[in-house]
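Feature list (source: TrEMBL):
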TRANSMEM  A:7-28  transmembrane segment
DOMAIN    A:67-290  domain 'ABC transmembrane type-1'
TRANSMEM  A:71-93  transmembrane segment
TRANSMEM  A:114-135  transmembrane segment
TRANSMEM  A:164-184  transmembrane segment
TRANSMEM  A:224-243  transmembrane segment
TRANSMEM  A:269-291  transmembrane segment
Amino acid sequence: MRHGRYPFVLGFLVAPVVLYTIFVFYPITQLVFVATTNWSGLSPDFDNVGLENFEKIWQDSTFWQAVQHHLMLLIALPLITIALALFFAFLLNMGGGTRGGVMQGVWGSKFYRVVFFLPQVLAVVIVGVIFSRVYGPDQSGIINRLLSFVGIERVLFMSDYGMWAILGVLVWQAVGFYVVLFSAGMSSIPADLYEAAVLDGASRITIFFRVTIPLLWETIRVAWVYLGILAFDAFALVMVLSIEQGGPDGATAVLPVLIYKQGIRESEYGYASALGVSLFLLTITFAILALRAGRREAVEH
Amino acid sequence: MEKDLTRRSVLQRSAAAGLMAVPAAGLLSACVGAKDEAPKDDNAGTVTATNPLGVKEDAEVEVVIFNGGLGTKYATDVHIPSYKKLFPKANVKFSQTEEISTVLTPRFSSNTPPDMVNNAGSKLMDQGKLVGAGQVADLSDLFEAPSLDIPGKKVKETLVPGTIEQGTYKGKPYVLNYAFTVFGMWYSSKLFKDNGWTAPKTWAEFTTLLDAMKAKGITGYAYAGANASYYQYLVILTTAAKIGGADILKNIDNLQANAWKDPAVLQAAKLWGEIGAKYMDKAHLSLKHTEVQLQQNQYKVGFYPSGSWLENEQAKDTPAGFDYNVAALPAATASDKLPANAIYAAAGEMYFVASKGKNVRGGKEYLRHMLSKEGARKFTELTKVLTVVQGSTEGLTLSPGLASSSKALADAGANNFSFRWDSWYKKMDDECRSATNELMFQGGTADKFVQRMQAVADAVKADSSIEKFER
């Protein structure tokens, strides 16, 4: 039987490798190729221009604005989302104190679980449309309407706080998923660990920081990478919510939207592809760094 | 030619492997199939008196119409039946979209375009680049062909003067600008009548009126910053043209050195910047055009700058008796070069025939049906927008808005003008939208506006990859 093993293993490997080559590897090499051309996208003709597109990117102030926004999202989005999700997950699972030595969730935690998860099942564009009403600049905006009841001057979210408003929506939508993820992680932590901690007189806060977090570290790290990659996107929300799709004046510029604008609107597919390559490099660099930096001794249980 | 062939063969090699995809974060993808580019003429029919373009009578023609302010009823109810009446065996394949470039760019890059395209809306394709890429058919033979229902006249003789020029690129007519659009400040006759207001003729009258509106709690002047700031830059440049003459716009179009730094442009930007700071609602920066237009229908907004499609676009939301009316922009100074009733008016709404479509003749024939007197008259009836076909409003009962734009056009006489840089150079259009929002909503200055625009004009001029046009 042993001699039949390689064809068998190869048979399983070929299909995914072929699919991966056609649908991932080949398009990426094409992207790099198109990035070195001045292809307009409107006809099959183009010239090779070498690295000219990348030179242009280097001098493009909107590109650097977008990179800054991604860095902001890269720090703020995982930080806020993970903090909130951990907090909520802890409340849902253990926030209700102990009963007979077993940690309990807060009252009504099953209901909250559904509420938290709800934004996750909505399509991003729908979320965008909902928030365009939430952030409405006048009395028709939900937040501004509420503010007016307590006599606070209206806030022009998309004009003055564009990127923060986008961040708010991203967090709102992402939290639910990570609450569920962390809840699952928490429920796999053996109850006797908590029992021991409770017997030793640890408070809920101590238990959270000394027991839960270390044991959840792997899950948190994965969440960090996912959220970091999400921070390089934000396409749909910016398209739906922002002024002039990335404005005013690049205040909500993000790379995917720049790519879209250059490629589709200004018919510069070569330049758009060069932006795509830059985005690809940024994302890959982040993913590698995040996985490296987050590596530490996993606590076994 | 030699160079083209090598380019093409490079592409064929890459295309032979399958598809050429541009996955920019999974958002964009386009396939380039290198097909034979020689125009296929297998769809030629016999040239006769009723078929001057030699359309093959059973060949399908595909048209794509932008679904925006004008709707698509004029195509489905008027022009398509007209085409089918003359060629009963032909099928007209119709589709409509709100995002022309998203839907059609992949089809052009794969050389499988539809035959006739209405390139319009905020997501239109870069028309200059399309022409530059050889994707647009020369319409000379269409304009030389006899009109469908105006006996004894060629198509070109039935059009408002300037129409063909408006669609001319590098000396050849490539694009039919079909709708004749009048731009100005739109207001409700009812609102004005109820308050005893009249449309202002001078800048002082204008600001006095805006003060009066402010006192009544009405936002005197508004446009939508989120997606319609080009209505406002059109207004700024209209004022500039009134101050310094229409040649200012020509200089800008032709990318002449320091065209944007002309004192008239600076002064116009200054005047409008002051209106922005004093009379506009900052909330409108983050609203879309439909939202602001709705506010005007609710009598919360006085003047709204727009083209003559507005009345039709708002038809559903306009309360009875609102009565749209258009006013020419008030004179800016006492020494304006053009009179106060001068207006921005131009053949707009681009329709073109794809040079690599399956049925180029059919596409042109379709345009001939649009340019018939009957086709134009019914278009105006349905959309309340004038066309470039002369006398096409004969026998029509005009709606209030349409009547007022016809009157504004008549009042202006020869003093109507337009510019084309926005469709020639998309980059300048994008920058001008941002610069206009900055000027009108975000405390920008006229100097900054002018500098930004001059900088982008210079950048476009210096960029050899951008095809240049002149008029």
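The backbone N, Cα and C atoms fix where each Cβ goes, and this holds for glycine too.
Quick caveat, the model's predicted, so the values are computed rather than measured.
Long-range neighbours of the transmembrane segment (A:114-135) within the same chain, counting only residues 6 or more positions beyond its ends whose Cβ lies under 8 Å from a Cβ of the stretch, are 88, 141-143, 157-158, 165, 169, 172-177, 179-180, 236-237, 239-241. If one looks beyond the transmembrane segment (A:7-28) by at least 6 residues along the same chain, the residues whose Cβ comes under 8 Å of a Cβ in the stretch are 280.
Nonlocal intrachain contacts for the transmembrane segment (A:164-184), taken as residues 6+ away from its ends with a CB within less than 8 angstroms of a stretch CB, comprise 72-73, 76-77, 80-82, 84-86, 88-90, 92-93, 113, 116-120, 122, 124, 127-128, 131, 135, 157-158, 216, 219-220, 223, 227, 230-231, 234, 237-238, 241-242, 252.
If one looks beyond the transmembrane segment (A:71-93) by at least 6 residues along the same chain, the residues whose Cβ comes under 8 Å of a Cβ in the stretch are 103, 105-106, 109, 112-113, 116, 163, 167, 170-171, 174-175, 178-183, 185-187, 208, 212-213, 216, 220, 223-224, 227-228, 230-232, 234, 286.
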